[in-house]
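Student: Here it is, the structure in full.
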Amino acid sequence: MISKINFVKMHGLGNDCVIVNKRDLLNAHNLSQLAKNIADRHTGIGCDQFIIYENHNNFYEMIIYNIDGSSAKLCGNATRCLAKLIYLDTGKKDITIVVGNKELLCRIEDENKISVNVGAVSFNETWMPSRDKIWAFAARYMIDLKETICVDVGNPHLVIFSKLESQDQKIVGETLQAKELFANGVNVNFAEIKDNKINLSVWERGVGLTGACGSGACGSFAAGLKRGFIHSPSTVVFKHGSLNMKEENGNIIMQGSATLIAEGVYCCE
């Protein structure tokens, strides 16, 4: 029997997601497998993340899956996309989105400008290995990671303030998923700073190199502030656009666009 699922496809600076309302998942699905099937760019719809959301009156719950079927704790670009979708559906401009135990306060400035307060980040978590361990591990592959820092944005990030070619970014991104360093993997950010702007490339765990990463922008901005490399406000630049970043009372606030691509019905057996 074929099931039909209504979906919306959106992107934030080229980081695309397929969004489904939980009420449309009436039949029992293996959500991890469904995410993999939908994310496939040849046999599915194609996306970087698969998003399920549910309205709880005062807030919206968001569940995130990567293309490999693994779950994710945060996606900044998908958050902006979902906030815009809710705005288009309801007219609400102040929207609270909850992912796991993290509350994200969203504000629709206009249809092309959505702000997300991701709260405070942490530089001291049990999952974070020492810089010496990271350097020693990278040295096995003849890669010099000059300036690194771990940051938790609700999901784990490693920020590397060193210029690396794309082929080396791929090697480093894959290598640093080793269980001996990061038990559950890590998002690896390659940040270059010039004129108080961060040019950023991100290797997302469960995805690979992506066109943009909102949580990576937040983590890299916070890391740059901590190291004294930048000041607030700042801009994070990706291939397909940029995010405005600022810090207020210890909270990181991201502002950027979200774009509707398509609406349709996904058929699955």
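Glycine is treated like the rest: Cβ placed from N, Cα and C.
The feature active site, proton donor is assigned by Swiss-Prot to CYS75. Annotation comment: Swiss-Prot describes CYS213 as active site, proton acceptor. Feature annotation from Swiss-Prot assigns substrate binding site to ASN15, GLN49, ASN66, GLY76, ASN77, ASN155, ASN187, GLU204, ARG205, GLY214, SER215.
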Student: If you draw a 10 Å sphere on the Cβ of CYS213 (active site, proton acceptor), how many other Cβ atoms land inside?
Tutor: 32
Student: Per DSSP, ASN77 (substrate binding site) is which: helix, strand or coil?
Tutor: helix
Student: Would you identify which of the binding-site residues ASN15, ASN66, SER215 has the most other C-beta atoms lying within 10 angstroms of its C-beta?
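Tutor: Going through ASN15, ASN66, SER215 one by one, the largest Cβ count within 10 Å is at SER215.
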Student: So how many other Cβ atoms are close to ASN187 (substrate binding site), meaning within 10 Å of its Cβ?
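Tutor: Taking all protein chains shown, ASN187 (substrate binding site) has 28 Cβ neighbours within 10 Å.
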Student: Report the same-chain neighbours of ARG205 (substrate binding site): residues 6+ apart in sequence with Cβ closer than 8 Å to its Cβ, ordered by sequence.
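Tutor: When sequence neighbours closer than 6 are ignored, ARG205 (substrate binding site) has ASN66, SER70, PRO156, GLN177, ASN184, GLY185, VAL186, ASN187 within Cβ distance under 8 Å.
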Student: For SER215 (substrate binding site), which of the three DSSP-derived states applies: helix, strand, or coil?
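Tutor: It is helical.
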